[in-house]
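Q: Structure below; questions to follow.
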C-alpha cells in the first residue's frame, strides 16, 4: 500500500500550464473522481484544484512494489492528458510526486497554508475542506484518506491557533491591492471595476475599501449576485452587457471570474481606448483560466498583471511570516508522525480484535457454566460478576493491546508471536 500525491503549483508551473490542468468546477472534479476511482491500483482519491495548484491524492489499492506504484503514477498522468485534452509532454516536467511520509507532510503544509503563494492566507484550508467534501459525496474516500484529510484540517487548525501566522490576513486578493497601492497614491480618487462576484473578487473589495477606495463598481454575469455584493459594500452594480461602456470610465479593473475564456479581449480594448482618450487603465487578472487576453498588454497605456505577477508583493509577506512558518512546520512534522503511528497501528488491529473476541468468548462461556451450577443466585450478583469479569479482561488485555499498537522495529514478529500465544492460528486452521 502507498500514499501518493501528483500535482503542480505556482512554484513549479506557470499560469499557462496551470489553467490547462485546472478543474474549473465542482462538476468537473466529480467527473474526474468517478473516472479515477475506476482505474486499476487506485483505492481512494481526492482532488484539490485552486488558482495556484492542482493535486491528486491517491491511496493505492493492493500496490506493494515500486513498479506498480510507478504504474499508478503513469495512470494519473494519462488521465490528466485525456481529461484535459493535453499532451503529457506539455505538463509532465512541471509535475511533482510525493509518496508516503512526504505526501502526508505536503498535504499538511498545503492545508496549513505553508505551501501557498502567500504563507498564512486562510482560503486554502477551506478549499481543502471543500475538496474533501466533494470526494466524500462521490464516495471516493474510505478509511485512510478520510483519516488523512481530517488530520490535515486538524493540523491547519493547530497552526492557526498555536502560531501568529494568521495575523493580518493576506491572500492573492490582498496582494493585488498591494500592487495597486504601489501604482496609485490616492485610491479615493480612482474608480475600480471588479469583474466577477466570486470569493476572490469579494476579498479584493474588502481590502480596497479598507484602503480608502470609494468609487467601486461591480459586474457579474449573474446581475442579482452583483447587486447583493454592491449593496453590502456601497458599490454600484453594472449589468454584464455594459462591460465595455464601464471600461471607458474606469481606472482599475480586477478580474476574478470562473469563465473558461477571455472576458476582456484585445479587440474590446482597441475600441475602448479611443473613447477614454487613451488614459491609462490598469488590469489585475487573478483568474485561472485568465480572463484578460495577454495581448492587451501590448496596447499603449494598458497595464496588465496576472496572478503570477503578484509574486513581488507575495515575497514581502513571506519574509514577515518566516518565523511563524518555522513554528508551524514543527507542528506539521509532529502531526505527520502521529498519522503514521495510527497507520502502522492498523496492522495490529485484526489481531487485537481477535484476541479480545476470544477472551470475551471464554468469559461468556465461563459465566454460563457458573450460572448453570448456581441457579439460585440473585440477578444483582450475576450482574456484579459480569461487570467484574469484564473489568478483569480489560485489565489483562491492556498491556498486550498497547504493545501491539505501539510502533517498534520488530512489529511483525510481535504480531506473529501474539497470534501463536493466544492460539489464533490454530483456530483459523
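Cβ coordinates are placed from backbone N, Cα and C, and glycine is handled just like the others.
For reference, Swiss-Prot lists these features for the protein:
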ACT_SITE  51  active site, nucleophile
BINDING   50, 51, 52, 53, 116, 121, 122, 123, 127  substrate binding site
BINDING   196, 197, 198, 199, 200, 201  NADP(+) binding site
SITE      106  site 'Important for activity'
Q: What's the most sparsely packed of the binding-site residues 50, 116, counting other C-beta atoms within 10 A?
A: 50
Q: Max Cα-Cα distance in Å among 50, 51, 52, 53, 116, 121, 122, 123, 127, the residues listed as binding substrate?
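A: With 50, 51, 52, 53, 116, 121, 122, 123, 127 as the binding residues for substrate, the largest Cα distance is 15 Å.
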Q: Through the lens of DSSP with three states only, how would you label residue 127 (substrate binding site)?
A: helix
Q: Between residue 127 (substrate binding site) and residue 106 (site 'Important for activity'), how many Å separate their Cα atoms?
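A: Answer for this pair: 15 Å between alpha carbons.
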Q: State the three-class DSSP label for residue 199 (NADP(+) binding site), counting H, G and I as helix, E and B as strand, and everything else as coil.
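A: Once the DSSP labels are grouped into three classes, residue 199 (NADP(+) binding site) ends up as helix.
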Q: So which one is it: of the binding-site residues 122, 196, which has the fewest other Cβ atoms within 10 Å?
A: 122
Q: Out of 106, 196, 199, which of these recorded positions is nearest residue 122 (substrate binding site) by C-alpha distance?
A: 199
